[in-house]
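Residues annotated as active site, nucleophile in Swiss-Prot, with sequence analysis given as evidence: CYS146. The dUMP binding site annotation in Swiss-Prot covers ARG21, ARG126, ARG127, ARG166, SER167, ALA168, ASP169, ASN177, HIS207, ILE208, TYR209, and the record cites sequence analysis as its basis. Annotation comment: Swiss-Prot describes HIS51, ASP169, ALA263 as (6R)-5,10-methylene-5,6,7,8-tetrahydrofolate binding site, evidence class sequence analysis.
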Amino acid sequence: MRTYLDLLQHVLDNGTDRGDRTGTGTRSVFGYQMRFNLEEGFPVLTTKKLHLRSIIHELLWFLKGDTNIAYLKENGVSIWDEWADKNGDLGPVYGYQWRSWPAPDGRHIDQIANLLKMLHGNPNSRRLIVSAWNPALVDEMALPPCHCLFQFYVADGKLSCQLYQRSADIFLGVPFNIASYALLTMMIAQVAGLKPGEFIHTLGDAHIYANHFDQARLQLTRIPKKLPTMWINPDVKDLFAFRFEDFQLEGYEADPTIKAPIAV
């Protein structure tokens with residue numbers, strides 16, 4: 001994951017110090033792209049240990065179309081706690097937009113199901129897109145989508161994904177986003193009868209919070225290790241049938257976690 005460390009170093013060295021919504025302050029650049037070849041291993045950080053349980057359960061929660069944190073809490077995942085209301089609701093966030101985008105005529109559009117149909121029927125389509133950014137509902141969301149649009153591309157029997165992320169918390173959020181969308185690409189490739197290709201991560205406002213600078217510098221002193229591999233249960237052919245037990249990260253060796261505060 002030298003690619004990720006290069007991003008950390010680039011922003012620390014070349015970023016602009018700016019204010020932000022949380023009042024914490026950031027150092028940021030605008031426009032940055034990383035590429036990960038999924039045939040070379042699963043792109044999860046080895047210079048600090050990540051809580052993969054949270055990443056997998058959050059992705060399954062998105063795919064369920066769920067917007068209440070009850071499922072996450074039941075599975076020991078707390079990453080959305082700060083934004084939920086007293087009933088655990090988050091408003092029409094990612095899962096709702098992915099699986100139940102509201103149309104003007106009253107219909108609800110299942111973007112993920114439509115994507116799967118297009119992959120089977122017209123894999124060369126340039127419309128293999130899912131959007132979580134719904135301007136009509138942004139103000140009703142507990143947190144507007146940071147990773148807001150992704151597109152798939154099929155070539156030579158391989159499925160690649162490009163994600164556009166409007167707001168990228170490099171130290172805490174981006175490592176989760178890389179692993180999550182890499183896994184989503186692998187899952188969709190499997191059910192579509194394809195092999196995983198690349199995950200391309202395009203960042204808009206790519207920032208390190210001021211109270212993460214020391215942690216970022218510590219991480220930059222560490223040497224990346226060999227990437228692990230992600231085993232996915234080959235018997236699962238339905239994207240919505242995946243369960244936590246269908247995934248196993250093999251050969252994951254990582255340095256200790258580095259704690260940092262969340263900017264809310």
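Any Cβ shown, glycine's included, is placed from N, Cα and C.
Within 10 Å of the C-beta of the residue listed as 'active site, nucleophile' there are 19 other C-beta atoms, taking all protein chains into account. Reported as a whole number, the C-alpha separation between ASP169 (dUMP binding site) and ALA263 ((6R)-5,10-methylene-5,6,7,8-tetrahydrofolate binding site) equals 9 Å. Taking each Cβ in turn and tallying the other Cβ atoms within 10 Å, the top scorer among the binding-site residues ARG21, HIS51, ARG127 is HIS51.
Most Cβ neighbours within 10 Å among the binding-site residues SER167, ASP169, HIS207, TYR209, ALA263: this distinction goes to HIS207.
Restricting the binding-site residues ARG127, SER167, HIS207, TYR209, ALA263 to those with a CA within 10 Å of the CA of CYS146 (active site, nucleophile) leaves SER167, listed by sequence position. Reduced to three states, the DSSP call for SER167 (dUMP binding site) is strand.
In the three-state DSSP classification, HIS207 (dUMP binding site) falls within a strand.
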